[in-house]
């Protein structure tokens with residue numbers, strides 16, 4: 001099952017947001033801004049093909065009437081505000097996997113981009129900021145590829161990392177390279193194994209893609225029946241690479257329910273359950289695509305009552321601690337969670353518009369997560385200071401209660 005997940009083609013449904021400084025920088029010429037974004041995404045897509053990832057632009061949001069958040073040269077608060085806005089506003093308007101803020105502001109120091117690491121599919125953290133630096137779009141595209149790489153679990157390259165170019169995409173300094181290093185590929189693989197983000201398994205609808213249609217870019221767009229890439233590289237006998245139409249007699253060219261150009265018979269499982277909270281999906285016999293992922297109702301007990309189902313998963317603090325600090329880690333003692341009452345530094349429940357709010361006593365297990373590494377009595381309250389160090393939504397925080405919006409609420413609360 002894990003190998004099947006790792007081998008599957010991934011799809012990142014991307015929204016790019018241009019801030020108001022971008023609007024003024026290009027003298028309110030929205031056509032030029034959209035053209036620049038399309039050019040950036042074309043290169044971004046090309047870069048990620050080597051990772052078996054298709055990047056599809058499904059939305060462009062241009063802040064013509066002023067910024068929706070406080071955009072400043074300080075990257076950390078700006079990224080946090082952008083993530084909050086994405087969760088509360090953008091996701092409610094447009095289904096997507098990741099959002100990148102393209103800003104005309106000069107970011108602090110030599111910084112031209114910033115993103116959370118290992119955060120793909122997370123409502124608040126699957127975001128990045130990219131400065132529109134340089135006259136050509138090539139370096140901006142490489143910068144966005146770098147920040148997206150962080151979201152996909154890649155860290156900065158070390159001196160020992162190599163690729164086919166003099167420098168690689170995840171170099172700590174800006175590089176014109178289109179190549180990922182061996183370290184980046186290993187980082188990404190480890191991230192997929194440990195986090196298995198599910199949203200990137202879903203292929204975008206052809207009607208969702210907003211960039212101009214191109215036959216030969218591996219993305220199924222309006223007017224196409226298939227797209228197996230450029231003519232010189234297509235290896236799919238079911239698809240005519242020159243026309244992006246199915247070959248004679250073919251019902252399909254790809255998909256979890258497509259085999260040798262024909263629909264797989266009804267009843268064959270195409271998506272096994274990933275946890276006891278998930279439900280298996282089967283082919284219908286009428287489509288190449290696996291039906292929409294379904295799961296058991298939120299709030300159903302799981303893992304021997306250690307947790308409650310939430311969107312197909314069973315989030316518990318123990319597994320979150322292991323993901324952060326590795327095997328041999330457990331949840332810290334209850335007293336550690338009282339740090340979340342402070343409302344200072346990294347110890348809080350909520351952060352909004354650069355302000356942090358302490359947890360109420362009953363909500364301390366919905367703020368920062370605290371873990372203990374086996375036999376380490378020197379640091380009994382370990383924590384991760386980034387946003388992925390917060391307790392996950394849907395996690396059990398008390399008997400009959402789960403974390404929702406950083407509050408410990410009744411498990412049956414909508």
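Backbone N, Cα and C define each Cβ position, glycine as well.
Keep in mind it's a predicted model, so treat the numbers as computed, not measured.
In Swiss-Prot this protein carries:
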- 147: active site (ACT_SITE)
- 146, 150, 156: Zn(2+) binding site (BINDING)
- 278, 281, 293, 294: Ca(2+) 2 binding site (BINDING)
- 121-199: disulfide bond (DISULFID)
- 215-244: disulfide bond (DISULFID)
- 226-239: disulfide bond (DISULFID)
- 228-234: disulfide bond (DISULFID)
- 238-261: disulfide bond (DISULFID)
- 252-258: disulfide bond (DISULFID)
- 257-283: disulfide bond (DISULFID)
- 270-290: disulfide bond (DISULFID)
- 302-314: disulfide bond (DISULFID)
- 321-371: disulfide bond (DISULFID)
- 336-381: disulfide bond (DISULFID)
- 349-359: disulfide bond (DISULFID)
- 10-204: domain 'Peptidase M12B' (DOMAIN)
- 7: N-linked glycosylation site (CARBOHYD)
- 70: N-linked glycosylation site (CARBOHYD)
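In this structure, the disulfide-bonded residues under consideration are 121, 238, 314, and the one with the smallest number of other Cβ atoms within 10 Å of its Cβ is 121. Note: the Zn(2+) site is recorded as 146, 150, 156; in the same chain, 113, 115, 117, 147, 149, 154, 155, 169, 170, 172 also have Cβ atoms within 8 Å of that site's Cβ centroid. For the Ca(2+) 2 site, the Cβ centre of 278, 281, 293, 294 serves as reference, and the other residues of the chain with Cβ at most 8 Å from it are 271, 273, 279, 280, 291, 292, 295, 312. Classification of residue 371 (disulfide bond) by DSSP places it within a strand. Using Cα positions, the member of the recorded positions 7, 244, 281, 294, 349 nearest to residue 234 (disulfide bond) is identified as 244. For residue 146 (Zn(2+) binding site), the nearest of the recorded positions by C-alpha distance turns out to be 321; the candidates were 238, 244, 293, 321, 349. For residue 147 (active site), the same-chain residues 6+ apart in sequence whose C-beta sits under 8 angstroms from its C-beta are 100, 113, 114, 115, 128, 129, 130. Sequence-distant contacts (6 or more apart, same chain, Cβ under 8 Å) of residue 278 (Ca(2+) 2 binding site) comprise 293, 295, 296, 312, 313. Of the recorded residues, residue 239 (disulfide bond) and residue 294 (Ca(2+) 2 binding site) place their C-alpha atoms 30 Å from one another.
Per Cα geometry, 321 is the residue among the disulfide-bonded residues 321, 349, 359, 381 nearest to residue 215 (disulfide bond).
The number of other CB atoms found within 10 A of the CB of residue 156 (Zn(2+) binding site), across every protein chain shown, is 18.
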